[in-house]
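A.B. asks: Next up is a structure, given as structure tokens.
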Amino acid sequence: MTAVVCLLVSWWLLSHSSALVSAIPIFPAAPHILARKIDPVISHSANGSVIILDPSTQQTIPQGSGTDGSGSGFSLPAIVWIVFLLAIGAPLALAGIRGWRCTTGVAVGLAVIVCSWAAIINSVNQVGISDTLLTLIVLALGFLGLVVGVFEFSRVIAMTLLCLIGGLSFGMRITLLKTDLLFSSLGLNWLIIVVFGVAGGLLLIWTNRIAILIACANAGTFLMSLGVDLIFNKQSGLSFGLRSLFDSNDSHLAYFIERTYRPTLSTRIILIASLVLTPAFAFAQHLLFKQPFTRRGPPLSDDELCLNYPTEDLSANRATAFFSGIWDGAKLKMSTSRFSV
């Protein structure tokens, strides 16, 4: 009798298993679900839209669009980003080692743009801000970073940022080659990216020229690949992949659940081509530009430093001397150590 009951129960479970499975909502394996500030409850409404609930309050978390400043199609923000990416990326990839102050300025500017963009998209509510306004804000902040980066006092930090950006950009392209990123866990994807970034920074300590060459080529090809992909695949290609990496805003969770990052063949070709061209551009710059990256004048001798200052009032020239000192830096002998930058 017991055996008969067990068989009947087993038959009932098997016969209803398909109905039980079909009742469970199926979501894309998006890494965003695994990287939340909270552990949200995800369900579907009657019309099929995704509803996100806060488990602590059981209240609905308002959801908004996760466009994050990239615009749509060839809208104004999209065109601005395309022009910016190609205008900055091409010189970096082709002649970044010769840019010196321009290159250090671009490095600080890019770092400010990425950090400010990530901070804004992860802090806005469901309403957010318009793509045009977001683009203007981050580019304006990036311009301020560029201005700071051209001065001598920021040279070392700018070179460090350049090498970190180069390594990070290489790691990002590796993770963006696969559907839904390289790993299902967002943390593992960022671990790969950070490893490449740290490697780029450590290379600067060991050999300055090679580190700068690789960093310029890496950053330049990354920016160019993103600009070209925006032209061919618009906001559904690398643009969406980068938003998948950076956007952890709970107000954008439904947006990324309903969409998934699926790089097209053209996106993969663009990524692979940019990775392959990186060492080629670095070697080409090494052959074309033999001069060192830092183009400061020779250090002054002790006799030249022992100047007989005039006795007349030079207060009118103090401001000029102050800014000249910021631009040129201290006129000290450069260290011959390979660890100096």
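Backbone N, Cα and C atoms are what each Cβ position is placed from, and that goes for glycine too.
All TrEMBL annotations are machine predictions without curation.
TrEMBL lists these features:
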- 83-285: domain 'TM7S3/TM198-like' (DOMAIN)
- 1-23: signal peptide (SIGNAL)
- 74-95: transmembrane segment (TRANSMEM)
- 102-121: transmembrane segment (TRANSMEM)
- 133-151: transmembrane segment (TRANSMEM)
- 156-176: transmembrane segment (TRANSMEM)
- 182-205: transmembrane segment (TRANSMEM)
- 212-232: transmembrane segment (TRANSMEM)
- 269-289: transmembrane segment (TRANSMEM)
A.B. asks: Short question: which residues 6 or more past the ends of the transmembrane segment (156-176) have a Cβ under 8 Å from it?
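C.D. replies: Contacts with the transmembrane segment (156-176): 103-105, 107-108, 110-111, 114, 149, 182-183, 189, 192-201, 203-204, 208, 211-212, 214-219, 222-223, 225, 238, 241-242, 245, 261, 263, 271, 274-275, 278, 293, 341.
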A.B. asks: Does the structure show the transmembrane segment (133-151) and the transmembrane segment (269-289) touching, where I'm treating 3 or more Cβ pairs under 8 angstroms (sequence separation 6 or more) as a contact?
C.D. replies: no
A.B. asks: Which one of these stretches, 102-121, 212-232, 269-289, has the most C-beta pairs shorter than 8 Å to the transmembrane segment (74-95)?
C.D. replies: 212-232
A.B. asks: Over the domain 'TM7S3/TM198-like' (83-285), what is the model's mean pLDDT?
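C.D. replies: The answer is 92, the mean pLDDT of the model over that range.
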